[in-house]
Amino acid sequence: MANDFLFTSESVSEGHPDKVADQISDAVLDAILAQDKYARVAAETLCNTGLVVLAGEITTTANVDYIQVARDTIKRIGYDNTEYGIDYKGCAVLVAYDKQSPDIAQGVDRASDDYLNQGAGDQGLMFGYACDETPELMPFPIYYSHRLVERQSQLRRDGRLPWLRPDAKSQVTVRYVDGRPHSVDTVVLSTQHAPDITQAQIREAVIEEIIKPVLPPEMLKDTKYLVNPTGRFVIGGPQGDCGLTGRKIIVDTYGGASPHGGGAFSGKDPSKVDRSAAYAARYVAKNVVAAGLARQCQVQVSYAIGVARPINVTVYTEGTGKISDAKIAELVQEHFDLRPKGIVQMLDLLRPIYEKTAAYGHFGREEPEFSWEATDKAAILRAAAGL
């Protein structure tokens, strides 16, 4: 990529229909893990006007009221009025869970290459990424896209902007000069709103109360603001669009700054490497950058179903590494256990911590439960690299 360019990332709020689905799926997962930490869960959700459908594969000893979990999640998000198109009290919730296939279970329960360890729950490839564009070691565009819709939610919940409704989207376009963020070129923010507010009022409030308090002022240089550019956003959430689990995988990760292996996260227990290995790859990449081994780091891992050890662990630092990418990859394999069971132990993943991940990004958030955001291996890596 050229050194001078524009790059865009987007995010969506907790009230976006796809995020409603993600949060319900992860709330179901958490409710199960709270009772049965070894459960196998693949919980999918569809939500539309007045309707929630829960489907997938679950094998567990837990006794969970799935319908109540779905209603509680919808209530927490803020869909508590029939005028919003879905109401936690009155919506229909259909449950259609099956059990995990025994053909899959036999490979996960016992790995074909290591009988003392758990095999991967599926084949696949996963990526982790980190860079020094923000203190959280995340790309600037996706980090601030998340913070914008998070701010929208805060102002809706605390009543400062009472006409806001749960659904919102943000998009941040950043101008890079010499490969570094230089300024914010364009901000798009679309927010659902009450019908009796004017476009002029929305625009002023969004720019002054949401955008400017979030974005660094030194980055706002001739920035273009596009606020509700269609002119009206009253119908939103699951009424405006059907929501599905796993439809916001780029929002969930790095906003397009890194490749994505294609596997979604929400609703999946840690035996699914789509989720756990992507978290581990972020943990690896963040520690590499925190150690000063590179300014940016992309990690790819891949697995075969029923096999514990990753097929490959590949590191790419885009020319920013202090040592070779191959040497960093060697250090990664020496200091991180990337077998599925090793990941679960390393990051303490058998906990009901996942609903919080399902909105505003799985990465780049300093939450106490987000063990994959720790940089506790940075000093070890730095010493091992001889820096």
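The backbone N, Cα and C atoms fix where each Cβ goes, and this holds for glycine too.
Of the residues Asp178, Asp241, Swiss-Prot places Asp241 in the same ATP site as His16, Asp167, Ala168, Lys169, Arg232, Phe233, Arg247, Lys248, Ala264, Lys268. Looking at 100-110, 221-231, 364-374, the stretch flagged in Swiss-Prot as region 'Flexible loop' turns out to be 100-110.
Lys248 (ATP binding site) is 7 Å away from Asp18 (Mg(2+) binding site) when you measure Cα to Cα. Most Cβ neighbours within 10 Å, among the binding-site residues His16, Arg232: His16 holds that distinction in the structure as shown. Contacts of Lys268 (ATP binding site) defined by a Cβ separation under 8 A and a same-chain sequence distance of 6+ are given as Leu29, Val41, Ala42, Ala43, Asp274, Arg275, in order along the sequence. Looking just at the region 'Flexible loop' (100-110), the mean pLDDT is 59.
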